[in-house]
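S.K.: The following block contains the structure, expressed as structure tokens.
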Amino acid sequence: MKETLERWSSRRAFILAVTGAAVGLGNIWRFPYMTGENGGSAFLLLYIAFVVLLGLPVMMAEILIGRAGRRSPMQSLGHLARAAGASPHWRWLGVFGVITVFFILSFYSVVSGWSIEYLVESINGNFAGGTPQAIGANFNDFLADPLRMTFNHTLFMLLTMSVVAAGISGGLEKLNNLLMPLLYLLLIVLAVYATTTHGFGTAMAWLFTPDASAITLSVVLNAMGHAFFTLAVGACALMAYGAYMPDHQSLPRAVAAVAVLDVLVALLSGIAIFSVVFSQGLDPGEGPGLMFVTLPIAFAELPGGSLWLAVFFLLLLLATWTSSINLAEPMVATLQGAGLKRGRSAALVGIAVWAVGLLSVLSFSTMADVHWIGEMNFFDLVTTVPTDVFLPVGGLLIAVFAAWVMSSEAAERALDAGPGGFRTWRALVRYVSIPLVVVVLLSGLF
Ligand code: PHE
Ligand code: NA
């Protein structure tokens, strides 16, 4: 297949697309509950370290492969490998990425569906004056209702796939550009409100007092997986976007801004959520329901709470929408690369992901006690293994490919950061990022 001629309309459009992919449920939903389950500050510290040492360099590796190949991930890898005299089997890395995004999108859509439900419920004023107990019970009632959950999941998949079917999502990016600052503003308001609650001090201490004794192997593994997830790295999803990156744009500069923003959004949401947790005596390790229980409680105390809660869920939905579009892109690009029409590829991908998503829906009711591996039901499995294992393994192979396998001239051109910038990046990937993932993954195995 030939190079794609499609490009983001400007450098800014590319940065917006990558920001859209990065900022999503990972920051506002997953980060707080993972931090809660992993003891607070230890997880936060490791996560930031992994973002800097692994996430950023590998993010550049991933995008530069797409940019140098200008094809679907699978074809870019195969093409660049052949050009460098390496094995064309590298293209299977693209398939591994497709498998990863497939499972991630299957639960991502279900949880985004929760936001749709909460948007509607806040418009209806269901949370107004609700006690923490009532708000918690409301969430459990919803989870126990597979029909309502399926409806929202279906709606979200339709939203996602209709944009993907139309090609590069220019319109949506513009909308996002307009509305995401409002989401950040709302998070800032929430964090400022959090400073007035009596749980704020405890939350800050719990988040920011380093406690080396709390670092365990599983905390390290979870923090590494989360760093990949939140930056959207390791699944060839950003590689697919890199194929449309315009010429004459320095990659490191573009992605550094995205990573800073991504971490800030997570921190704001963590501060807001844990202040509520400690003010109300809730359990930080409550799990995936954490955000859906704490934020309605926080907003209930603010003037005009229901309205702002609705606005919040609407904006969150936009944020997750742009992430899910990115998750779908490598799958659709791969089918398209195999000769299918874009619309048909999107329909096929949408139906398959939707069907597997139903297993996550049922994991809260009929299939709650169906254990797939160990004690994990399907939702537990699909929210952990693809993120904590597949993304780091994929990221490792991407890093090896970009820093050791493909031609360094092509890599240097695609990084677009000058010879010095290229050498610094490559040394970082070769001697820091790659060994770090290998060591952490191996210690997880043994
Ligand atoms: N980065 C997204 C988030 O934080 C999730 C994502 C993971 C998107 C992997 C694309 C690829 O919500
Ligand atoms: Na993120």
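Cβ coordinates are placed from backbone N, Cα and C, and glycine is handled just like the others.
Here's the feature list from TrEMBL:
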- 12-31: transmembrane segment (TRANSMEM)
- 43-65: transmembrane segment (TRANSMEM)
- 92-111: transmembrane segment (TRANSMEM)
- 151-170: transmembrane segment (TRANSMEM)
- 182-208: transmembrane segment (TRANSMEM)
- 214-242: transmembrane segment (TRANSMEM)
- 254-278: transmembrane segment (TRANSMEM)
- 305-325: transmembrane segment (TRANSMEM)
- 346-369: transmembrane segment (TRANSMEM)
- 389-407: transmembrane segment (TRANSMEM)
- 428-445: transmembrane segment (TRANSMEM)
S.K.: Quick one: do the transmembrane segment (43-65) and the transmembrane segment (214-242) have at least 3 Cβ pairs under 8 Å, skipping pairs fewer than 6 apart in sequence?
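M.R.: These two stretches do touch.
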S.K.: Between the transmembrane segment (254-278) and the transmembrane segment (92-111), are there three or more CB pairs that fall under 8 A, provided the residues in each pair are separated by 6 or more in sequence?
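M.R.: Judged by the Cβ rule, the two regions do not touch, with the required three close pairs absent.
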S.K.: Where among 214-242, 254-278, 305-325, 346-369, 389-407 do we find the most Cβ pairs under 8 Å to the transmembrane segment (182-208)?
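M.R.: Comparing 214-242, 254-278, 305-325, 346-369, 389-407 against the transmembrane segment (182-208), the winner is 254-278.
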S.K.: Is it the case that the transmembrane segment (151-170) and the transmembrane segment (305-325) touch, counting contact as three or more CB pairs under 8 Å in which the residues of each pair are 6 or more positions apart?
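M.R.: They do touch: at least three Cβ pairs between the two stretches lie under 8 Å.
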S.K.: State the residues, same chain only, that lie 6 or more residues beyond the ends of the transmembrane segment (214-242) and have a CB under 8 A from a CB inside it; answer 'none' if no residue qualifies.
M.R.: 14, 17-18, 21-22, 26-27, 30-31, 34, 37-43, 46-47, 49-51, 54-56, 58-59, 62-67, 72-73, 76, 93-94, 96-98, 100-101, 104, 258-259, 262, 266, 323, 326-327, 329-330, 333, 384, 387-395, 398, 414, 437, 440, 443-444
S.K.: Does the transmembrane segment (305-325) make contact with the transmembrane segment (12-31) through 3 or more Cβ pairs under 8 Å, each pair 6 or more apart in sequence?
M.R.: yes
